[in-house]
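So that you can see what the record holds, here are the features copied from TrEMBL:
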type	residues	note
TRANSMEM	20-46	transmembrane segment
DOMAIN	36-248	domain 'G-protein coupled receptors family 1 profile'
TRANSMEM	53-76	transmembrane segment
TRANSMEM	96-115	transmembrane segment
TRANSMEM	136-159	transmembrane segment
TRANSMEM	198-221	transmembrane segment
Amino acid sequence: MNETSYFYILPFFGDIRNIKFIITFFFLIYVVGVLINSSIITVICLEVQLHKPMYLFICNLSIVDIFFTSVTVPKLLHMLLSGNHIVSSAQCYTQFYFFCLAGMVEEILLFVMAYDRYVAICLPLHYHQILSRRNCSLITFGIWAVAILNSLMVVSLLISMSSCHSNVIHQFFCDAKSLTKTTCTASEMLFVVLNTEMSMLAGIPMMCILISYGKIFSLIFKMKTKESRKKAFSTCSSHVTIVSIYYVAGPPEDSSDAEAHVGLVPGHIGSG
(Lines of atoms letter the chains of each structure in order from A and count residues from 1; the text may use other names and numbers.)
(Lines give C-alpha, C1' and ligand atoms only; values in the text may rest on other atoms or scores of the structure.)
Protein backbone atom coordinates (compact mmCIF):
# COMPACT_ATOMS: atom_id res chain seq x y z
CA MET A 1 0.00 0.00 0.00
CA ASN A 2 1.24 3.55 -0.78
CA GLU A 3 2.44 5.22 2.41
CA THR A 4 2.84 8.76 1.06
CA SER A 5 0.08 11.00 2.42
CA TYR A 6 1.01 13.96 0.25
CA PHE A 7 3.18 15.08 -2.66
CA TYR A 8 5.01 18.34 -3.26
CA ILE A 9 4.57 19.70 -6.80
CA LEU A 10 7.44 21.70 -8.30
CA PRO A 11 6.21 23.00 -11.68
CA PHE A 12 9.30 25.19 -12.23
CA PHE A 13 12.95 25.04 -11.13
CA GLY A 14 14.60 27.88 -9.26
CA ASP A 15 13.03 31.27 -8.53
CA ILE A 16 9.92 32.12 -10.53
CA ARG A 17 10.08 35.56 -12.10
CA ASN A 18 7.11 37.41 -13.60
CA ILE A 19 4.69 35.19 -11.70
CA LYS A 20 1.76 37.45 -12.64
CA PHE A 21 2.57 37.09 -16.33
CA ILE A 22 2.78 33.28 -16.01
CA ILE A 23 -0.55 33.11 -14.16
CA THR A 24 -2.25 35.39 -16.70
CA PHE A 25 -0.79 33.42 -19.61
CA PHE A 26 -2.01 30.03 -18.34
CA PHE A 27 -5.38 31.48 -17.31
CA LEU A 28 -5.98 32.97 -20.77
CA ILE A 29 -4.98 29.72 -22.52
CA TYR A 30 -7.36 27.79 -20.27
CA VAL A 31 -10.30 30.18 -20.75
CA VAL A 32 -9.84 30.39 -24.53
CA GLY A 33 -9.56 26.60 -24.80
CA VAL A 34 -12.68 25.97 -22.73
CA LEU A 35 -14.69 28.64 -24.58
CA ILE A 36 -13.71 27.36 -28.04
CA ASN A 37 -14.43 23.73 -27.20
CA SER A 38 -17.68 24.65 -25.42
CA SER A 39 -18.75 26.59 -28.51
CA ILE A 40 -18.02 23.59 -30.74
CA ILE A 41 -20.06 21.29 -28.48
CA THR A 42 -22.97 23.78 -28.34
CA VAL A 43 -23.07 24.29 -32.12
CA ILE A 44 -22.98 20.55 -32.84
CA CYS A 45 -25.73 19.85 -30.29
CA LEU A 46 -28.02 22.63 -31.52
CA GLU A 47 -27.49 22.24 -35.28
CA VAL A 48 -29.48 19.23 -36.52
CA GLN A 49 -27.50 19.08 -39.78
CA LEU A 50 -24.36 18.36 -37.77
CA HIS A 51 -25.83 15.28 -36.09
CA LYS A 52 -23.54 13.03 -38.10
CA PRO A 53 -20.85 10.49 -37.05
CA MET A 54 -17.88 12.76 -37.72
CA TYR A 55 -19.35 15.62 -35.68
CA LEU A 56 -20.31 13.26 -32.86
CA PHE A 57 -16.66 12.26 -32.57
CA ILE A 58 -15.54 15.91 -32.83
CA CYS A 59 -17.95 16.74 -29.99
CA ASN A 60 -16.38 14.00 -27.85
CA LEU A 61 -12.91 15.27 -28.78
CA SER A 62 -13.87 18.75 -27.55
CA ILE A 63 -15.13 17.25 -24.28
CA VAL A 64 -11.80 15.45 -23.88
CA ASP A 65 -9.85 18.66 -24.56
CA ILE A 66 -11.82 20.44 -21.81
CA PHE A 67 -11.06 17.46 -19.55
CA PHE A 68 -7.33 17.69 -20.28
CA THR A 69 -6.98 21.37 -19.40
CA SER A 70 -9.43 21.29 -16.47
CA VAL A 71 -7.56 18.43 -14.82
CA THR A 72 -4.22 20.25 -14.80
CA VAL A 73 -4.42 24.03 -15.32
CA PRO A 74 -6.81 25.11 -12.48
CA LYS A 75 -4.71 23.24 -9.90
CA LEU A 76 -1.54 24.81 -11.31
CA LEU A 77 -3.08 28.28 -11.08
CA HIS A 78 -4.16 27.60 -7.50
CA MET A 79 -0.62 26.56 -6.54
CA LEU A 80 0.91 29.63 -8.18
CA LEU A 81 -1.59 32.01 -6.55
CA SER A 82 -1.56 30.49 -3.06
CA GLY A 83 2.08 29.35 -2.96
CA ASN A 84 0.87 26.03 -1.51
CA HIS A 85 2.41 23.25 -3.61
CA ILE A 86 1.35 20.38 -1.36
CA VAL A 87 -1.32 18.00 -2.69
CA SER A 88 -2.69 14.98 -0.88
CA SER A 89 -2.07 11.54 -2.34
CA ALA A 90 -5.83 11.22 -3.01
CA GLN A 91 -5.83 14.47 -5.03
CA CYS A 92 -2.68 13.44 -6.90
CA TYR A 93 -3.96 10.02 -7.93
CA THR A 94 -7.37 11.44 -8.80
CA GLN A 95 -5.72 14.00 -11.07
CA PHE A 96 -3.60 11.29 -12.71
CA TYR A 97 -6.68 9.08 -13.17
CA PHE A 98 -8.63 11.73 -15.08
CA PHE A 99 -5.56 12.77 -17.09
CA CYS A 100 -4.96 9.13 -18.02
CA LEU A 101 -8.64 8.72 -18.88
CA ALA A 102 -8.67 11.76 -21.16
CA GLY A 103 -5.46 10.66 -22.89
CA MET A 104 -6.81 7.18 -23.63
CA VAL A 105 -10.13 8.50 -24.94
CA GLU A 106 -8.37 11.00 -27.20
CA GLU A 107 -6.01 8.42 -28.70
CA ILE A 108 -8.84 5.99 -29.49
CA LEU A 109 -11.06 8.82 -30.78
CA LEU A 110 -8.39 9.96 -33.23
CA PHE A 111 -8.26 6.43 -34.65
CA VAL A 112 -12.07 6.17 -34.88
CA MET A 113 -12.18 9.54 -36.68
CA ALA A 114 -9.58 8.27 -39.14
CA TYR A 115 -11.71 5.16 -39.71
CA ASP A 116 -14.73 7.42 -40.26
CA ARG A 117 -12.87 9.28 -43.02
CA TYR A 118 -11.72 5.96 -44.51
CA VAL A 119 -15.30 4.69 -44.74
CA ALA A 120 -16.56 8.05 -46.10
CA ILE A 121 -13.96 8.16 -48.90
CA CYS A 122 -13.26 4.50 -49.67
CA LEU A 123 -16.67 2.94 -48.89
CA PRO A 124 -19.17 5.79 -49.41
CA LEU A 125 -22.09 3.51 -50.36
CA HIS A 126 -21.80 1.63 -47.05
CA TYR A 127 -21.13 4.68 -44.87
CA HIS A 128 -24.59 4.97 -43.27
CA GLN A 129 -24.75 1.22 -42.71
CA ILE A 130 -21.32 0.91 -41.07
CA LEU A 131 -21.53 4.15 -39.09
CA SER A 132 -25.20 4.21 -38.25
CA ARG A 133 -26.45 6.19 -35.25
CA ARG A 134 -26.69 2.99 -33.20
CA ASN A 135 -23.17 1.87 -34.13
CA CYS A 136 -21.72 5.32 -33.38
CA SER A 137 -23.42 5.37 -29.97
CA LEU A 138 -22.01 1.92 -29.18
CA ILE A 139 -18.53 2.98 -30.36
CA THR A 140 -18.63 6.12 -28.20
CA PHE A 141 -19.84 4.20 -25.15
CA GLY A 142 -17.17 1.55 -25.74
CA ILE A 143 -14.37 4.13 -25.97
CA TRP A 144 -15.28 5.74 -22.64
CA ALA A 145 -15.91 2.39 -20.93
CA VAL A 146 -12.52 0.98 -21.99
CA ALA A 147 -10.74 4.17 -20.94
CA ILE A 148 -12.49 4.30 -17.54
CA LEU A 149 -11.73 0.67 -16.68
CA ASN A 150 -8.18 0.82 -18.03
CA SER A 151 -7.37 4.01 -16.10
CA LEU A 152 -8.72 2.42 -12.91
CA MET A 153 -6.39 -0.55 -13.41
CA VAL A 154 -3.31 1.63 -13.95
CA VAL A 155 -4.05 3.88 -10.97
CA SER A 156 -4.78 0.86 -8.75
CA LEU A 157 -1.37 -0.60 -9.60
CA LEU A 158 0.38 2.69 -8.78
CA ILE A 159 -1.47 3.06 -5.49
CA SER A 160 -0.47 -0.47 -4.48
CA MET A 161 3.24 0.42 -4.73
CA SER A 162 5.03 1.51 -1.53
CA SER A 163 6.61 4.96 -1.49
CA CYS A 164 10.07 5.33 -0.02
CA HIS A 165 11.79 7.83 -2.33
CA SER A 166 11.34 11.59 -2.57
CA ASN A 167 7.70 12.68 -2.72
CA VAL A 168 8.67 15.73 -4.79
CA ILE A 169 7.10 15.77 -8.25
CA HIS A 170 9.04 17.85 -10.78
CA GLN A 171 6.10 18.44 -13.07
CA PHE A 172 3.10 20.75 -13.09
CA PHE A 173 0.74 17.82 -12.48
CA CYS A 174 0.80 14.24 -11.21
CA ASP A 175 1.89 12.09 -14.15
CA ALA A 176 2.86 8.41 -14.39
CA LYS A 177 6.60 8.98 -14.77
CA SER A 178 6.81 11.22 -11.71
CA LEU A 179 4.67 8.91 -9.57
CA THR A 180 6.73 5.81 -10.42
CA LYS A 181 9.86 7.70 -9.30
CA THR A 182 8.39 7.96 -5.79
CA THR A 183 7.94 4.20 -5.40
CA CYS A 184 10.48 1.67 -4.18
CA THR A 185 8.51 -1.53 -4.84
CA ALA A 186 7.62 -1.00 -8.48
CA SER A 187 6.98 -4.55 -9.62
CA GLU A 188 7.62 -6.09 -13.00
CA MET A 189 3.85 -6.24 -13.40
CA LEU A 190 3.64 -2.43 -13.25
CA PHE A 191 6.23 -1.94 -16.00
CA VAL A 192 4.64 -4.69 -18.12
CA VAL A 193 1.25 -3.00 -17.78
CA LEU A 194 2.61 0.49 -18.55
CA ASN A 195 4.52 -0.78 -21.59
CA THR A 196 1.45 -2.67 -22.77
CA GLU A 197 -0.57 0.53 -22.33
CA MET A 198 1.86 2.46 -24.49
CA SER A 199 1.86 -0.13 -27.27
CA MET A 200 -1.88 -0.85 -27.27
CA LEU A 201 -3.39 2.56 -26.60
CA ALA A 202 -0.79 4.68 -28.39
CA GLY A 203 1.02 2.47 -30.89
CA ILE A 204 -1.93 0.48 -32.26
CA PRO A 205 -4.22 3.52 -32.85
CA MET A 206 -1.35 5.36 -34.57
CA MET A 207 -0.64 2.32 -36.76
CA CYS A 208 -4.32 2.01 -37.66
CA ILE A 209 -4.46 5.74 -38.48
CA LEU A 210 -1.48 5.36 -40.82
CA ILE A 211 -3.07 2.33 -42.51
CA SER A 212 -6.38 4.17 -42.92
CA TYR A 213 -4.74 7.21 -44.48
CA GLY A 214 -2.49 5.03 -46.60
CA LYS A 215 -5.61 3.54 -48.21
CA ILE A 216 -7.33 6.95 -48.39
CA PHE A 217 -4.41 8.67 -50.17
CA SER A 218 -3.95 5.65 -52.44
CA LEU A 219 -7.57 6.02 -53.58
CA ILE A 220 -7.33 9.82 -53.87
CA PHE A 221 -4.30 9.66 -56.17
CA LYS A 222 -6.20 7.25 -58.41
CA MET A 223 -9.08 9.72 -58.90
CA LYS A 224 -9.25 11.07 -62.41
CA THR A 225 -10.45 14.63 -61.83
CA LYS A 226 -8.75 17.38 -59.87
CA GLU A 227 -12.07 18.38 -58.28
CA SER A 228 -12.62 14.88 -56.91
CA ARG A 229 -9.15 14.80 -55.40
CA LYS A 230 -9.60 18.28 -53.90
CA LYS A 231 -12.96 17.34 -52.36
CA ALA A 232 -11.56 14.12 -50.88
CA PHE A 233 -8.55 15.93 -49.42
CA SER A 234 -10.78 18.60 -47.85
CA THR A 235 -12.85 15.98 -45.99
CA CYS A 236 -9.83 14.68 -44.08
CA SER A 237 -7.43 17.66 -43.95
CA SER A 238 -8.65 18.91 -40.55
CA HIS A 239 -8.28 15.48 -38.97
CA VAL A 240 -4.81 15.01 -40.47
CA THR A 241 -3.80 18.36 -38.92
CA ILE A 242 -5.15 17.35 -35.47
CA VAL A 243 -3.38 13.97 -35.60
CA SER A 244 -0.11 15.55 -36.71
CA ILE A 245 -0.16 18.10 -33.87
CA TYR A 246 -1.09 15.45 -31.30
CA TYR A 247 1.60 12.91 -32.20
CA VAL A 248 4.34 15.46 -32.95
CA ALA A 249 3.79 17.30 -29.66
CA GLY A 250 3.34 14.08 -27.67
CA PRO A 251 2.38 13.78 -23.97
CA PRO A 252 4.07 15.95 -21.35
CA GLU A 253 7.42 14.54 -20.25
CA ASP A 254 9.15 14.90 -16.96
CA SER A 255 12.66 15.83 -18.02
CA SER A 256 14.11 15.95 -14.54
CA ASP A 257 15.37 13.48 -12.02
CA ALA A 258 13.38 13.95 -8.83
CA GLU A 259 16.16 12.83 -6.53
CA ALA A 260 18.65 15.22 -8.09
CA HIS A 261 16.73 18.23 -6.80
CA VAL A 262 15.49 17.17 -3.38
CA GLY A 263 17.51 19.95 -1.79
CA LEU A 264 15.20 22.52 -3.35
CA VAL A 265 12.37 21.60 -0.97
CA PRO A 266 13.68 20.96 2.52
CA GLY A 267 11.17 19.52 4.93
CA HIS A 268 8.98 17.96 2.22
CA ILE A 269 10.94 14.83 1.52
CA GLY A 270 10.13 11.30 2.52
CA SER A 271 7.04 9.25 3.03
CA GLY A 272 5.08 12.01 4.70
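Along the chain as shown, the residues are counted starting at 1.
Placement of Cβ uses the backbone N, Cα and C atoms for every residue, glycine included.
Residues 11, 26-27, 29-30, 33-34, 37-38, 40-41, 44-45, 87, 91, 95, 98-99, 101-103, 105-106, 109-110, 112-113, 116-117, 120, 131, 136, 140, 143, 172-173, 242 of the same chain lie 6 or more positions beyond the ends of the transmembrane segment (53-76) yet place their CB under 8 Å from a CB of it. In the predicted model, the domain 'G-protein coupled receptors family 1 profile' (36-248) has a mean pLDDT of 82.
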